[in-house]
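A.B. asks: Below are the features listed in TrEMBL for this protein:
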type     : residues : note
DOMAIN   : 26-73    : domain 'HTH cro/C1-type'
DOMAIN   : 84-140   : domain 'HTH cro/C1-type'
REGION   : 287-308  : region 'Disordered'
REGION   : 593-613  : region 'Disordered'
COMPBIAS : 595-613  : compositional bias 'Low complexity'
Amino acid sequence: MPRGLAVNFSGRKLARARTANGPGDRGLSTAELARRVGTSSEQIDAYEQGRVRPEPGRIRALADALGVDPLELSDLDDRSRWPLAELRRAKGLRASDVGATLGMSSRSYRRMENEGIIPARDPGLPARVAAALDISVADLEHHLRRAPGLATRLQGAREPLRSLVEEYVRPGCPDLPGQDDRAVRALAVVHHRPAGTVARVIGHELVRIRAMRRRLAGFRASADFGSSADEQTAGRGAAEAEERRIERIVTALPHRMDAFFRCALPGELWFTLALLDRLPPSRPWLPAEHLPSTRDQPGDQPEDQPYDMPAHLVSRRTAPDNRDALEFRISEEGAKHCALYRPWYDAVYPEARPYLRVREAEVAGHTRGTDLEDLFADADALLLSFDGLLCRVFGRNPGPVSQHLIQFARSRQLSLEHQIPSDPVKLLRILGRQGSSDPIRHLDRLLAGYETEAARSAEPLPGISQLLHTLVAGNWRLAVVTDHASTAVEAFLERLDPLLGSHIAVFGRPGDPRLMKPHPHGLTLAAEALRSDRSKVVLLGESVADAQAAQSAGIPFVGVAATSRQARMLREAGATRTVSTVRILAAAARHTVRTSAASTTDTADTAPADQAP
């Protein structure tokens, strides 16, 4: 096939369109269509009989003459497998046509089509290419992943990645590769990105795989040394599932990195998009002057458009109270971009997270620190949730444990819903609706064993150690209220600080799973045990179930919401107070403790002599 011809052009569809789109029952004659497009009847016959395929410009002319979309003249059965060049030709466009629209040479454009590489210096290019081809950015990415040169390039990435995993994910190795590592440099060449950037992304994935290997070791220990045959069988199943997951992650990494580097934003733009992503539903629009960076755009772009921001990631509008000002909010595609790539951006731009914490407090509408201080000062008791607030019991991969529970449930003929959650606690909650039968109790004990084992090695989430030690130093009565096993919480606190357990009560999963959150049972039980009026109790949590349980129990709630989506979900569940990080809670508690201590000192200093200690 000569270069530049549309492989999937359909002569049969051309003939059908010609006979359906003309005067009379017979439509256009070949002679009339030939006259309209400036060719011969013989050429039209050759197109329709499949002996000759037209070049893109002729496809466009044929479509215009027939009043149809150029794609209607192609066989679309395999469209999902087309590389971008084939889609462009089927739309009747030459590389020079698209290049001229984009302000780039046809040679540069063809290189992008053939290799699937987006220049790092032009993050807005994908959106402009998609607009030129009248497709979505997601469709553009789909077709770029079928670029002819992509398979060869990714094949060149697999061996360096495997060598990095073998070198840095092994017992006794705490190190991570730097930008001078030979395999990192090889990957930088493959992906056309700086070695330092590649090293940070790879480092993040190696840490993730190490965590999975640690879990795998725990599952293997259960398989070898479990206290029952059921536990050993479950351990083997969980270990096999974890091994498959690790292999899938390593195998998919070249594709994932390639997709990330095609759409990765420079630091200023990521700061902007991440800030917009954190805005609460109550204030989704942000004035341009509050953005991290703006500058004049080339061409006819508005002056207040975020600097080179790809248009599909944000929406803009004229400010309701000032027609000379623009406001911006994140688009659905922008939110998906943040959700998909945030961990890698955090690795590439480590300075972004502290910056965003400061800016979010300014614009996101979270509860003010002074309001938290007043709430804490008025409270007698503070309750805390566990998983998701203090730590992540199973990391970010609870799937293998859930698979074990599912296997056990099926072996005991427990009915499962069509949509099975990956969270083992949610799974137990669903199964618990069938009543407190012996299989449910056995399932509970099985899960408790996994939770306790995982909690012994679970790391506290950022700011939790400071928060707990600050709370212990205050005058509050403290408790953890959770749908996890009490032994898991106790193991976590013991590992964090053996002294914490004597100051913090634990109210774990109720014997009847139907009493788990959002049921208020655990919260009311804790409030009664701590001898506190519910209006003087505050729950610190992070889940919708926490918010709903607190509302049902009549207990004030403060939700930790790291993203705007989390904040929106909590507010929809009835939460009226949210913060972006645990550190904000710790700061408010610390201020309350200091104020209380100062007040006590002042009272002692001003007491009459006969009452002084």
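Positions of Cβ are set from backbone N, Cα and C atoms, glycine also.
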A.B. asks: Suppose you look only at the domain 'HTH cro/C1-type' (26-73); what would the mean pLDDT be?
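C.D. replies: Taking every residue of the domain 'HTH cro/C1-type' (26-73) together, the mean pLDDT is 93.
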A.B. asks: Would you mind splitting the domain 'HTH cro/C1-type' (26-73) into helix, strand and coil residue counts from DSSP?
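C.D. replies: Helix, strand, coil within the domain 'HTH cro/C1-type' (26-73): 31 helix, 0 strand, 17 coil.
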A.B. asks: How do the residues of the domain 'HTH cro/C1-type' (84-140) split into helix, strand and coil according to DSSP?
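C.D. replies: DSSP classes over the domain 'HTH cro/C1-type' (84-140) add up to 38 helix, 0 strand, 19 coil.
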